[in-house]
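In what follows, a structure is listed as structure tokens, so that the remarks can point back to it.
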Amino acid sequence: MTTQRSPGLFRRLAHGSLVKQILVGLVLGILLAWISKPAAEAVGLLGTLFVGALKAVAPILVLMLVMASIANHQHGQKTNIRPILFLYLLGTFSAALAAVVFSFAFPSTLHLSSSAGDISPPSGIVEVMRGLVMSMVSNPIDALLKGNYIGILVWAIGLGFALRHGNETTKNLVNDMSNAVTFMVKLVIRFAPFGIFGLVSSTLATTGFSTLWGYAQLLVVLVGCMLLVALVVNPLLVWWKIRRNPFPLVLLCLRESGVYAFFTRSSAANIPVNMALCEKLNLDRDTYSVSIPLGATINMAGAAITITVLTLAAVNTLGIPVDLPTALLLSVVASLCACGASGVAGGSLLLIPLACNMFGISNDIAMQVVAVGFIIGVLQDSCETALNSSTDVLFTAAACQAEDDRLANSALRN
């Protein structure tokens, strides 16, 4: 009897619903943190291993997928990168605009402290853009080691175009390597329930949520604005693109991409998850192999919200008046900063001083705002990453489905 049961159990774990398994891991993680903090801290190793495995496989996955898709791209075959890029930029700006409206409707103030720490933000938007451009000419090995996805994309695109002139054997080898890496990614993702279990247990055991209560209103504004973008703004953009009910697609992306990103708190680690979801949705591989890593770099709606809300909270605390043109300018600046957030150590929080500089707020006070961001980062960073990463696959799917509908309608007319 036992010899028959164990394979059945293994098959259920290997082929069962991943979402249900993750929910079980989530509940067990919360229970373990509540029952025994030392045990919860110990199983944190499972979460560290899971995130480490995703981060390890993501750079080589992006390199091989982009190389393979470009090298094997047939002349005349259309991709949908332009409309996806437009959706990324429009979505980020819309998120910043929504954050301005939300901050005016529910103004927040901060309890500023002087514990900003030894961190050095970029001196201006030019430096942010310079860092982004310099990352394009990074050494390919260095880009793979450091997870510099702009550099990886540049090298992958360049090598892909070069390999178009190679013989079919070489192209087949690159394609086989791409399939092999994809298999490894699927294997890593099957361990997600154990990773989520470890991440939830250790996070609750080491930090808890007691420190967040002092910033309850600010968190409500931040998370509320992110929910508004995820459930109202993004569905409107998707409806505009596909002209049908967007919510099945929106909720699918939040469930199968956002949940992972919420717990891993890393857009880079979530790239393999998004790639797998795109494959499940039967999207064009040539498109999503480029748009997903590109989105992890520049599609930063959550970062735009964080920069805008915390900047306006600092402005309210200092009693600085803000008129409509200035608020609109802040939306533009926050969008530009958010698009460059991946090129800055510390991400969106260290770009807050750039936005604060618009209102004449000194760097000392701006860094205190950054310190507040680090305090609430347990929840803020999780929600931000979930919004950013789920939007990558959402906009990619919307653009691909819109193109499929256009081609189907064109075929019917003919």
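Note that Cβ sites are derived from N, Cα and C of the backbone, with glycine treated the same way.
Quick caveat, the model's predicted, so the values are computed rather than measured.
If you check Swiss-Prot, you get these features:
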- 2-15: topological domain 'Cytoplasmic' (TOPO_DOM)
- 16-36: transmembrane segment (TRANSMEM)
- 37-45: topological domain 'Periplasmic' (TOPO_DOM)
- 46-66: transmembrane segment (TRANSMEM)
- 67-83: topological domain 'Cytoplasmic' (TOPO_DOM)
- 84-104: transmembrane segment (TRANSMEM)
- 105-142: topological domain 'Periplasmic' (TOPO_DOM)
- 143-163: transmembrane segment (TRANSMEM)
- 164-179: topological domain 'Cytoplasmic' (TOPO_DOM)
- 180-200: transmembrane segment (TRANSMEM)
- 201-217: topological domain 'Periplasmic' (TOPO_DOM)
- 218-238: transmembrane segment (TRANSMEM)
- 239-299: topological domain 'Cytoplasmic' (TOPO_DOM)
- 300-320: transmembrane segment (TRANSMEM)
- 321-331: topological domain 'Periplasmic' (TOPO_DOM)
- 332-352: transmembrane segment (TRANSMEM)
- 353-414: topological domain 'Cytoplasmic' (TOPO_DOM)
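Outside the topological domain 'Cytoplasmic' (164-179) by six or more residues, the chain places 64-65, 67-68, 70-73 with a CB less than 8 A from a CB of the stretch. If you look at the transmembrane segment (46-66) against the transmembrane segment (218-238), you find fewer than three C-beta pairs under 8 angstroms, all six or more positions apart, and that falls short of contact. Highest Cβ contact count with the transmembrane segment (16-36) among the listed stretches 84-104, 143-163, 180-200, 218-238 falls to 180-200 (criterion: pairs under 8 Å). With helix defined as DSSP H, G or I and strand as E or B, the topological domain 'Cytoplasmic' (353-414) counts 55 helix, 0 strand, 7 coil.
Where the transmembrane segment (84-104) meets the stretches 180-200, 218-238, 300-320, the count of C-beta pairs under 8 angstroms peaks at 300-320. Tertiary neighbourhood of the topological domain 'Periplasmic' (37-45): same-chain residues 29, 197-199, 201-206, selected by CB-CB distance under 8 Å and a gap of 6+ residues from either end.
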